[in-house]
Amino acid sequence: MLNEFFLKNAGSKCTKKEKAGVKPWLVTLQYFKLVSIHHFSMYLISNFSDFQLTCLGGFVLHESVFFLSGLPFILFERAGWFGKYKIQKKNNSPEAQEKCITRLLMYHLCVNLPILLGSYPVFKFMGTRSSLPLPSWKVISTQIIFYFILEDFVFYWGHRILHTKWLYKHVHSVHHEYATPFGLTSEYAHPAEILFLGFATIIGPAITGPHLITLYLWVSLRVLETVEAHSGYHFPWSPSNFLPLYGGADFHDYHHRLLYTKSGNYSSTFVYMDWIFGTDKGYRKLKSLKENERFEAVGKEM
C-alpha cells in the first residue's frame, strides 16, 4: 500500500526506471510525513477557530521560536562559550540582559499581541485560511520569497528614516541601547518602532492572504533571521557564509557599533538595497582593510 501511495502521490513525475527502484524506507518516510501533517492540520482545524489559530496560535509560535532561538546566546555570552566566534569582545552585564527580557515580555504582551488581534480582519479579508487542502510547496516557497523581497525593500527605507535625527533620538535610540547586540535585542525597540517596522513583516501576507501554514513558516523564518543577525556571533555555519547577498550577524553588528549618522547597513535580510544605494561603503571598506591585514600577517609568518 505504501509503495502504491508513493508512486501515485510522490512519484508521478519519476521515470519507470526510477519507480522500479523506489526504496521502502523512503516510501514509509514520505507516507508518514504527509499523514502526520494532514492529521495535525485536522486536529487544529477541528479544535480551534480561524481567529484562535491566526492570532493566538501565531503569537504562541512567535514567542516560542523567538525565545528558544534567542536565549542560548545569553548563555553563550555568560559562559564564555564560542568566544572565538564572538564579533565583539565586550559582554553585556546580567542586569542589561535581564532588563532586555523584562521589557520584551511587556512589549510582546502589550504591543505585539494587540497588533496581531487587530490585524486579523485584514488577513481574513485578504483570504488567509486554515482549512484543507494545504498549499503545495511551490506555492509556499514562491510566497515566502516574495515576502522576503518586499520586506527587505520596506524595512530598508523605514530603517533609514528611523536614523534621521529626530526619529533616532526619540524612537530608534531605544533599539541602539545595546551597542553589543545579542539575539533577544532583535525585538528590543520603542513601541512606535515595533508598529513602524512591523508593517514590513506583515505587508506581504496581508497582500496575498496566504494559508496559515505559510504564515507560520514566514513568521518563524523572519524571527530566526533577525535573531541570528543580532546574535553577536559569526560562526562557520552562519547563513551569510553560504547564501549570496545574506547580511547576517557580522553585517548588522557593524550597524550597532557606529554612530547613528555613520552606521549604514540598514538592510533587513539581504544586503542588495545597501549595495544599490551605497549605504554599506563603510562596512565594505572595513572588511577590505581587515582582509589586507590578515594577508599581511600570513605573509610575515611565512
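The backbone N, Cα and C atoms fix where each Cβ goes, glycine too.
TrEMBL annotations: computationally assigned, not manually curated.
What TrEMBL says about this one:
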type	residues	note
DOMAIN	145-279	domain 'Fatty acid hydroxylase'
TRANSMEM	25-45	transmembrane segment
TRANSMEM	65-83	transmembrane segment
TRANSMEM	104-123	transmembrane segment
TRANSMEM	135-157	transmembrane segment
TRANSMEM	194-219	transmembrane segment
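Highest Cβ pair count under 8 Å relative to the transmembrane segment (104-123), across stretches 65-83, 135-157, 194-219: 194-219.
Confidence annotation: the domain 'Fatty acid hydroxylase' (145-279) carries a mean pLDDT of 94 in the model. Remark: secondary structure over the domain 'Fatty acid hydroxylase' (145-279) totals 90 helix, 4 strand, 41 coil, with classes taken from DSSP.
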